[in-house]
Structures are given as structure tokens and as C-alpha cells.
């Protein structure tokens, strides 16, 4: 990559960091599909989510499908949590002032469009088979549903996540959250250094940068 290309990439990274929304986080509860994880990573990048947390069945990791993420996995921090720790993780987030918003089809749940995502929020999505586990449901500050009029009362988890995140993005954008940086400058610089290193490794592995 030439000097001009490097400058453009640095400018692009700086621009992306300006739009990151550190108080909007996503957690996937025992996600089964690596394709869904990859698609959700791409959506998180698109709306400015910086942290995607997830647990998996039997605590095994899931591979990332680069053809699905289109590079988005390099710009979103994905953190796998041991299943035994997921309850404590959410409790810690609640102590930090985060609301736990859980997707769950039951009486009393409200439309995802009726929830206020302006404050610190962890959006928890259930897995493809059982939905959200009971131990997570017991911590929910709010339960949400995606209203549907068809015979099937559920969506693919990656599609459902996209709908909820774009509602959150709509609210944040309307409030001007994307107009001013939400990450402190010092934190942006730390993240940028990590991203540049990750990008360098990725480009070298593709042979775009000589060793």
C-alpha cells in the first residue's frame, strides 16, 4: 500500500472510531451457528457497536466466516464468555449502570421499538434453538419481542439482531450521538493502534504486504 493508500486507511479508521457507541453492547446467549455469529459481527460494525459478547454450547469457540463478515470482524471486539460466567458478567454490567434488554416471546414483553436504547444497554439475543436461557431471563430489565403477523413467530437470530440494532441506531442518531465522538480520544488512540496491528497481520497473510 502506498503513502496515499495508508493515509486514506488511517483517515477511515479515525472516522469509524468517531461513530462508535460504547454504551451499546450485544450479547449472544449460547449461539450455535458460526454463520449467524459472523453476520451479527457485520451488523455490529455497521451500527457502531464496539463489543460483541457471546457464549457457546459446551464453551467451544466458533470460526469466523470472512466471506460473511467482509472484514468487519477486524473492527468489532468479540469476546467469548464461559457459560458458567455469563450470569455474573451481566450482573457486573448492571452494577456499571447497564440495562439488560432480552429478546423473549412471552406475555408482558414489549415491542423492540418501544424500548429506550439511549442509556447504557446490553442487548441479549437467544440462540437458534432454545432462545434465551432462564438464568439470563431472570436478570432481564426489559423483555422485547419483534411483532410478526405470519405463521412462524420467530426470525433468524442474525435478522432479529439487525432489526433491534437498527432501532437502537435510529434513536441514537436522532439524538445526535453519531455527531460527536462517544469514545474518549485516549481510548480511540489505543483502539486504533490495536486495529492497525490487526490490519497489518491480515494484509500480510493475504500477501498484500511483503514480510
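Heads up, the Cβ atoms here are built off N, Cα and C, so glycines get one too.
In TrEMBL, annotation is done automatically, which means it is predicted and not curated.
According to TrEMBL, 146, 155 bind S-adenosyl-L-methionine; the candidate from 69, 103, 121 that the record adds to this site is 103. Summary: among the binding-site residues (103, 146, 155), the fewest other C-beta atoms within 10 A of the C-beta are counted at 155.
Confidence for the domain 'tRNA/rRNA methyltransferase SpoU type' (24-166), expressed as mean pLDDT, is 93.
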